[in-house]
Amino acid sequence: MKITYCDALIIGGGLAGLRASIACKQKGLNTIVLSLVPVRRSHSAAAQGGMQASLANAKKSEGDNEDLHFLDTVKGSDWGCDQQVARMFVTTAPKAIRELASWGVPWTRIKKGDRPAVVNGEHVIITERDDRHGYILSRDFGGTKKWRTCFTADATGHTMLYAVANEALHHKVDIQDRKDMLAFIHHDNKCYGAVVRDLITGEISAYVSKGTLLATGGYGRVYKHTTNAVICDGAGAASALETGVAKLGNMEAVQFHPTALVPSGILMTEGCRGDGGVLRDKFGRRFMPAYEPEKKELASRDVVSRRILEHIQKGYGAKSPYGDHVWLDIAILGRNHVEKNLRDVRDIAMTFAGIDPADSEEQTKDNMQGAPTNEPEYGQAMAKQKGWIPIKPMQHYSMGGVRTNPKGETHLKGLFCAGEAACWDLHGFNRLGGNSVSEPVVAGMIIGDYFASHCLEAQIEINTQKVEAFIKESQDYMHFLLHNEGKEDVYEIRERMKEVMDEKVGVFREGKKLEEALKELQELYARSKNICVKNKVLHNNPELEDAYRTKKMLKLALCITQGALLRTESRGAHTRIDYPKRDDEKWLNRTLASWPSAEQDMPTIEYEELDVMKMEISPDFRGYGKKGNFIPHPKKEERDAEILKTILELEKLGKDRIEVQHALMPFELQEKYKARNMRLEDEEVRARGEHLYSFNVHDLLDQHNANLKGEHHE
């Protein structure tokens with residue numbers, strides 16, 4: 001039996017895994033990265049719109065800082081995130097942007113002078129300062145107070161992945177693709193690597209290491225309609241679950257992106273709306289301002305997805321053979337802007353829908369017939385233009401994943417996790433656009449360093465016989481799938497699982513349907529034990545791969561559905577129509593799912609409390625819908641009083657905003673990442689002879705004083 005030894009084993013070749021591999025090589029570790037696909041084809045490349053970091057370079061970004069990015073992230077999560085992790089993230093993100101620039105990412109840059117833009121559906125002129133010429137530009141994204149999303153046109157993930165992959169190769173990281181991790185090797189609650197199948201030869205071998213980091217991405221493919229690539233099936237997270245020790249966090253927290261192309265499901269980046277694109281119904285009316293007057297199309301993703309579906313349910317969706325949808329109008333931005341800044345979107349729309357989204361030519365007035373005249377809140381009907389893109393919400397992102405602490409350590413010692421595969425818990429119950437492509441790079445930096453330190457100190461304490469036993473177990477399972485007498489077809493089971501998840505565990509959830517979904521998923525899981533693969537070869541066998549992955553996917557589907565059924569509240573992307581309020585009194589916690597015994601047919605669910613008294617920002621009104629639509633935590637007022645007292649006392653002592661922040665909620669972070677981020681406006685403050693950072697303490701005070709002005713719950 002073949003066994004390969006290394007210091008650091010990283011499973012997953014996207015942004016998180018590759019950035020962590022660089023951290024390991026920088027400490028002199030023998031590092032191996034295993035990937036299902038050539039690493040430059042990892043799903044990180046599909047990210048289009050941009051990466052959030054508070055640089056405050058451009059006109060619409062002025063005044064931005066870590067505090068505002070932190071506030072947006074916490075509110076966006078519907079107070080479900082780990083606030084210490086959010087602080088680590090927002091502090092490191094500006095450094096990550098500049099590191100990526102030094103590695104060759106061609107960030108779109110500021111050009112001095114006037115530039116046209118579309119804001120709130122209106123054409124405006126933005127004037128950039130001469131002294132900011134050449135600095136990194138940011139665009140607007142949903143749920144943010146400032147234009148913070150740095151970008152490379154609409155191919156941000158692609159350029160980032162290529163730059164990080166090149167840097168990993170420069171450091172001579174051993175990258176091996178076409179490798180599929182089947183199971184983790186573990187003993188005495190410690191992880192020592194993984195059993196791996198070569199997708200080309202079918203050979204099953206072991207990779208034994210001092211430390212293992214999982215970075216295999218999300219689990220979107222358990223749904224039928226998703227923007228995720230075929231490799232995003234959650235098998236890595238499921239393998240962690242199957243150890244019986246590692247736990248999954250917040251699996252019911254599944255994000256549905258508002259603008260997926262109909263019918264293909266390919267993502268139409270949030271940058272379309274961030275740059276000024278608008279959503280229209282079948283009558284050509286812009287409808288989002290009627291639902292969300294402040295943020296409109298740039299409300300958080302969970303909010304926009306719900307509003308689109310609500311509008312369709314009212315009968316305002318455009319008809320198509322693939323179901324009702326609404327229109328995304330970016331022709332309003334002008335052909336020059338679309339062809340320059342949204343060229344991938346244009347190419348996708350033309351290739352997969354036969355639509356040129358820059359085309360503003362009037363196509364027909366048929367859609368205006370029968371348009372209501374007594375609903376002025378939705379605006380005036382207008383003739384459909386050729387360039388409007390058909391879109392509707394589809395599964396997009398996994399907020400849940402393998403539960404880790406802020407250092408990336410899982411419940412299984414020696415196993416770390418980073419990126420979308422992890423529940424680090426940066427995103428809580430809703431992720432902000434632009435934080436996804438940020439997270440794997442930032443997590444790869446932070447967790448990669450902690451992981452490398454672990455590998456430097458750890459020892460391999462497992463004998464060859466135990467490793468070979470893990471290999472044999474996987475070999476026996478492959479033999480069983482190929483030669484058992486079962487009659488079940490893997491594709492029939494997999495397809496029905498996806499349909500159940502779409503129909504009953506989607507954007508809107510309800511107890512009875514969740515119970516039905518749970519029952520059917522249990523039946524499918526039982527049937528999956530009798531799958532027999534028709535193609536009998538071990539090598540180059542996609543049917544065999546689908547067979548062993550489908551059982552893992554069903555375990556994840558059960559975790560998602562059981563978590564959704566038990567959580568009797570609505571929080572972020574988890575919307576229970578039978579429990580419409582967010583309930584901080586009962587549900588300010590994190591769901592933990594485990595599978596301690598292979599004999600179980602359901603996950604074990606427990607909860608991890610979020611401590612209000614340690615939060616920098618206590619749970620409050622999120623800014624969408626009715627202000628009273630949540631049940632406050634009983635300790636909220638006590639924590640608010642503590643926060644306010646601390647801010648006022650430290651302000652009197654002349655402390656700056658960063659010193660105030662550390663007093664409110666200390667957090668651990670490597671010194672090189674915790675160092676203060678410098679911005680161009682800091683130099684202007686120095687030039688005026690003012691105390692650096694002190695001018696922002698009042699912003700922090702306003703943020704925590706809002707409850708005294710009646711801006712939280714009623």
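Here the Cβ of each residue, glycine as well, is placed from N, Cα and C on the backbone.
What Swiss-Prot lists as FAD binding site is GLY13, GLY14, LEU15, ALA16, SER42, HIS43, SER44, GLY49, GLY50, GLU420, SER436, VAL437. Sequence-distant contacts (6 or more apart, same chain, Cβ under 8 Å) of HIS43 (tele-8alpha-FAD histidine) comprise GLY14, GLY217, GLY218, ASN228, ALA229, ILE231, CYS232. Secondary structure from DSSP puts HIS43 (tele-8alpha-FAD histidine) in a helix.
Per Swiss-Prot, tele-8alpha-FAD histidine is recorded for HIS43, and the stated evidence type is similarity to another entry.
In sequence order, THR227, LEU267, GLU270, ARG301, SER305, PRO393, MET394, GLN395, HIS396, TYR397 are the residues of the chain that are 6 or more apart from HIS257 (active site) and have a CB within less than 8 Å of its CB. Annotation comment: Swiss-Prot describes HIS257 (among others) as active site, evidence class similarity to another entry.
Secondary structure from DSSP puts ARG273 (active site) in a helix. Sequence-distant contacts (6 or more apart, same chain, Cβ under 8 Å) of ARG273 (active site) comprise GLY142, THR259, LEU279, GLU297, LEU298, LEU328. Feature annotation from Swiss-Prot assigns active site to ARG273 (among others); the stated evidence is similarity to another entry.
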Notebook entry, point to check: By a simple count, how many Cβ atoms lie within 10 Å of the Cβ of SER44 (FAD binding site), its own Cβ left out?
Noted result: 32
Check: Tell me which residues of the chain lie with their Cβ under 8 angstroms from that of LEU15 (FAD binding site), as long as they are six or more apart in sequence?
Finding: SER42, SER44, GLY157, MET160, LEU161, VAL164, GLY419, VAL437, PRO440, VAL441, GLY444
Notebook entry, point to check: Fewest neighbouring Cβ atoms within 10 Å: which of the binding-site residues SER42, SER436?
Noted result: SER436
Check: Could you give the maximum C-alpha to C-alpha distance in Å for the residues GLY13, GLY14, LEU15, ALA16, SER42, HIS43, SER44, GLY49, GLY50, GLU420, SER436, VAL437 that bind FAD per the record?
Finding: 21
